[in-house]
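J.: Sharing the record's features from TrEMBL:
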BINDING   Leu119, Thr120, Phe147, Pro148, Ser149, Asp150, Asp232, His235, Tyr257, Trp285, Asn313  pyridoxal 5'-phosphate binding site
MOD_RES   Lys258  N6-(pyridoxal phosphate)lysine
REGION    438-460  region 'Disordered'
Amino acid sequence: MAPNGDHPPTDFRHVFKIPTKGDLRRKTLQKSADLHSRPDDDETCVYLCGNSLGLQPTLTRQYLDQYLDTWATKGVFGHFTHINDSSLAPWMHVDDDLVEDMATIVGAKPSEVAVMQTLTVNLHLLMASFYKPTKERYKVILEGKAFPSDHYMVESQIQHHGLDPALSMILIEPPTDSGVLPTDHILSVIDRHADTTAVLLLPGVQFYTGQFLDMPRITTYAQDQGILVGWDLAHAVGNVPLQLSDWNVDFAAWCTYKYLNAGPGSIGGLYVNEKHFHRPRLAGWWGSSKSSRFDMTNRFEPIPSAAGFQLSNPSVADSTALRASLDIFKQTSMKALRAKSLELTGRLEVLLKQSEAKHLFSIITPGSKAERGAQLSIRLQPGLLDSVLVRLEEEGVVIDERKPDVIRVAPAPLYNNVEDVKAFVHVFGAACLEAAKTGKPDGKSAASIDGNAKGWSEIK
Ligand SMILES: Cc1ncc(COP(=O)(O)O)c(C=O)c1O
């Protein structure tokens with residue numbers, strides 16, 4: 001619960017590790033003790049890449065130390081022992097301990113949320129429950145420009161059922177170059193395949209354009225035609241306000257390493273609407289009743305909630321990192337963060353539109369605040385991207401790119417501020433002008449977790 005319900009704090013910059021420009025250049029790790037001997041002029045970088053990998057909360061190391069100390073001093077008893085001077089739950093309960101705070105962020109009943117596995121795995125598990133093709137209804141509708149993992153996931157699910165993706169996979173292609181999917185366009189594709197579609201799977205916030213889709217309208221529209229509706233919330237969770245229970249979504253899944261700051265590849269989450277708790281599933285022991293879990297009876301007794309969709313005992317290291325991040329979210333609210341986010345991203349948009357270099361790029365993210373989250377995607381004039389990326393990197397400005405010509409810039413309201421936004425626009429504008437003048441693209445690039453781009457380790 002936020003300490004002051006009406007105006008909870010939203011500035012948590014001081015509880016995040018923001019790399020310095022020197023950190024980004026160094027090829028070695030510096031011990032924390034050395035941080036005090038940093039040169040004064042080693043300023044923090046301008047980090048606007050929380051859409052790809054959120055920054056590390058300072059609590060993370062403290063909690064991970066507690067976890068490691070528990071393991072070191074208790075061994076297997078760490079599963080069951082309450083430790084008085086640790087904030088962490090016994091490992092047996094780490095998943096339950098996260099569910100309520102996670103549910104608050106996605107606007108769901110705690111019983112409808114499970115913290116488990118990773119995003120693509122969870123989508124597969126959910127499809128195993130929800131995608132039951134029949135002779136009449138066998139299609140899956142998704143976007144043509146879906147994140148590749150979602151595309152592969154759906155394609156392989158269809159193949160797994162012995163069906164042909166060419167006939168069963170319906171791709172919604174954006175009608176214009178911007179990549180944005182107008183709601184009416186989505187609804188028209190649903191109409192065309194209404195009688196033959198089993199599942200619709202869409203992103204809450206689209207990874208490339210940053211578009212925030214009209215989730216309640218699309219959900220209701222498709223469900224009215226007998227279609228089950230699932231959402232990939234990778235770029236939506238912790239970014240935009242969600243009300244999964246009120247919107248009556250059928251299922252959803254997300255990762256926790258973007259706006260939720262739980263670290264690369266950390267544990268994921270899923271939502272199962274309570275009306276689906278009985279669905280068949282791929283089962284594992286962690287989804288079976290806690291009271292009989294250790295009886296070894298081989299009788300699967302699914303927990304009557306989303307927790308019943310769990311398979312394995314969760315990674316405690318990952319869950320601990322997520323605990324640290326959720327302890328920050330607990331001090332604020334998505335409503336307050338959204339208000340700050342709209343302000344920061346709105347400011348970014350205004351400054352970009354006023355930039356001297358504005359003729360050298362365009363913003364492809366929708367202009368309407370209701371249709372976007374924190375991220376703006378900016379398309380550069382052909383040939384400018386590589387040299388702009390080099391300049392941003394030299395100046396310690398961290399964003400990510402989508403070849404051939406788009407960069408994604410996301411002020412994360414927990415730790416970014418207006419100074420970050422101004423610094424970005426200043427460096428970016430100058431870099432565009434310089435690139436246009438010299439016309440000499442260079443080969444280096446910034447980093448991103450999700451596809452296409454060069455690895456984080458390549459940042460010099
Ligand atoms: C929209 C979207 N879907 C799926 C994934 C894949 O996530 P994971 O590697 O955690 O399965 C990502 C990763 O960035 C993503 O952005």
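Including glycine, each Cβ sits where the backbone N, Cα and C put it.
In the displayed structure, how are the listed features positioned relative to their neighbours?
T.: For Ser149 (pyridoxal 5'-phosphate binding site), the same-chain residues lying six or more positions away in sequence with a CB closer than 8 A to its CB are Leu119, Thr120, Leu123.
Under the three-state DSSP scheme, Lys258 (N6-(pyridoxal phosphate)lysine) falls in the coil class.
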J.: Counting other CB atoms within 10 A of each CB, which of the binding-site residues Leu119, Asn313 comes out lowest?
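T.: Output over binding-site residues Leu119, Asn313: least Cβ neighbours within 10 Å is Asn313.
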J.: Please state whether DSSP places Leu119 (pyridoxal 5'-phosphate binding site) in a helix, a strand or coil.
T.: helix
J.: Round to the nearest Å and give the CA-to-CA distance linking Asn313 (pyridoxal 5'-phosphate binding site) with Lys258 (N6-(pyridoxal phosphate)lysine).
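T.: Taking the Cα atoms only, Asn313 (pyridoxal 5'-phosphate binding site) lies 23 Å from Lys258 (N6-(pyridoxal phosphate)lysine).
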J.: Enumerate in sequence order the recorded positions Tyr257, Lys258, Asn313 whose Cβ-atom distance to ligand 1 is under 6 angstroms.
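T.: Among the recorded positions listed, not one has its Cβ under 6 Å from ligand 1.
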J.: Using a 10 Å radius around each Cβ and counting other Cβ atoms from all shown chains, which of the binding-site residues Phe147, Tyr257 yields the largest count?
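T.: Most Cβ neighbours within 10 Å: Tyr257.
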J.: Using DSSP with the three-state reduction, classify Asn313 (pyridoxal 5'-phosphate binding site) as helix, strand or coil.
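T.: Its secondary structure by DSSP: coil.
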